[in-house]
Amino acid sequence: MEVFMRLYSIATTLFLLIGIVPLALAGAHDYRQALSKGILFFEAQRSGYLPGTQRVKWRGNSGLMDGKVNGVDLVGGYYDAGDNVKFGLPMAFTVTMMSWSIIEYGKQMATSGELAHAMDAVKWGTDYLMKAHPEPNVLYGEVGDGNTDHYCWQRPEDMTTSRNAYRIDKNNPGSDLAGETAAAMAAASIVFHRYNPAYSKKLLAHAYQLFDFADKYRGKYDSSITVAQKYYRSVSGYADELLWAAAWMYKATSNKYYLDYLGRNGDALGGTGWSMTEFGWDVKYAGVQTLVAKFLMGGKAGNNGPVFGKYQEKAEFFMCSCLGKSNRNVQRTPGGLIFRQRWNNLQFVTSASFLLTVYADYLTSARRNLHCSSGTVTPPELIAFAKSQVDYILGDNPRATSYMVGYGNNYPRQVHHRGSSIVSIKVNPSFVSCRGGYATWYSRKASDPNLLTGAIVGGPDAYDNFADERNNFQQTEPATYNNAPLIGVLARLHAGHSGNYNQLLPVEIPLRKPTAVQPKPTTQGLIGISQKTTSSWVANGKTYYRYSVIVTNKSRKTIKKLNLSITKLFGPVWGLTKNSNGSYGLPTWVSSLAAGKSIDFVYIHTDSPAVVSVSSYTIA
């Protein structure tokens, strides 16, 4: 962890135009396959003794001495990202979000045959977190040191770096770490309540102790575990984690004490005050606001109704800002992706998509709509936007790149990940040294020898650009907390119209007589235009065609202010900027077309090819 279109699907493109999409539309992504791969990724991140059921065969046992120097057994758990450190805060958040995904959409996972795998992934994390909590007021929050670990490039099976363990206690508190771990234990106890009651009860006992520890001995964990500051600094402090933990404690126990804690401390700890545009391992406010809004809509607020109403206002601010319907909106790339930062931006996309999805279902259950400053939003529109974000990740984006490794045909091949980038110890057991790994494997300009199936990498920048290079850790490094919220959304999307979530409305595209005629390339002045049918599918008795158009500058000079005319078009266009006069210009991320260079765009409709011609341009 160094911590921090071309082909747009018919469903996503329609959302961009009118905001409502049918999940069952043919030609959509294989969400079941993505779900399966997304859960499998966690097995590649395992530390400790691997079980006989291990499906990622290129991994081996690792970290078998973890905790020994400190006199405690800390074998197990997850490596957070592409390194070999076990960071407690993001690991606990990962477990919380995996558990929330199962709580909401476990039935859908079961129909996909993935529920057992998802529960195994949660248990692998909670088994470790219980080890890390050997006493009521002691919690180990890190094993390994980011500085020494990043100096080396080794397989986890070979690592020679420090495995010192770092802890919080009543003299060195960490309310954010203890609070998040309490939330993880409480959420996981719900997951196992029916299937393993004894284990669930054990988790809940740890959760009770950890919440009390977090609340009684207050402080930021990175002031006690200072080695974490460079990698997982707690910028938001611990107030959000105290509320987050209380919400999960109430959900797990129905104990009114925790409900009243949320009401009594909502103002003081920021739950009713902070209007957020992000949700992730550091900042939990949007998550707790969403949970409290559910309590309110479910009639469980009791005397806390007015305060919980303020939580809900903030939850809905987050939803509206993601949709672009607030007075302060989340930034998006030209391709429509939520964008917060260049460094592992997709963590914010997957977590926001999850909140949007569950909130849509909460609203449906309450028979409510979302009211934003720019208008009313229905639950199907929330789902549609979340779906557009997931579809972008899976390949419906300007680069036609899947940012889930192993999904689709075009995905990152040089992932910033020690284990996947070095030959498996099962294939070549020769020791890989600390610096030798950099010389031999890190600098190698070739695909990874081991496929990190299901990993969600950091993703593109603010302009949809992405460089598949191992040293580009900001974009090619995966993380467990990228995947954890996504598995819930994928399960929900795979369910489609089935089960209790039949809330999606159909949309129509004008039906034209289909003829898959391939248009002949043309040259108009200095510009060549060629287009072809790249795919077709049938949905609701209609045949849809996806056309790809390539526009080439055949001159020896740079062309600017290019405007195209597109007539006989009966569907959406992606990859161009539509002008006020109805013509189309270069996309916002392209200012000019150099000599010999090309741009491409796509459109989808149910007719023969549209007529594309040049309206005007200037020579630089």
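Here the Cβ of each residue, glycine as well, is placed from N, Cα and C on the backbone.
Nobody curates TrEMBL annotations by hand; they come from automatic prediction.
What TrEMBL records for H416, D468, E477 is active site. Feature annotation from TrEMBL assigns domain 'Carbohydrate binding' to 527-606. Sequence annotations record features per position, and here TrEMBL assigns signal peptide to 1-26.
TrEMBL feature annotations superimposed on the structure.
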{"residue": "H416", "record": "active site", "Cβ within 10 Å": "26"}
{"residue": "D468", "record": "active site", "Cβ within 10 Å": "17"}
{"residue": "E477", "record": "active site", "Cβ within 10 Å": "26"}
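Of the recorded residues, H416 (active site) and E477 (active site) place their C-alpha atoms 5 Å from one another.
When DSSP labels each residue, the domain 'Carbohydrate binding' (527-606) comes out as 0 helix, 50 strand, 30 coil, counted as helix, strand and coil in that order. Straight-line distance linking the Cα atoms of D468 (active site) and E477 (active site), rounded to a whole number, equals 10 Å.
On the 0 to 100 pLDDT scale, the model's mean across the domain 'Carbohydrate binding' (527-606) is 82.
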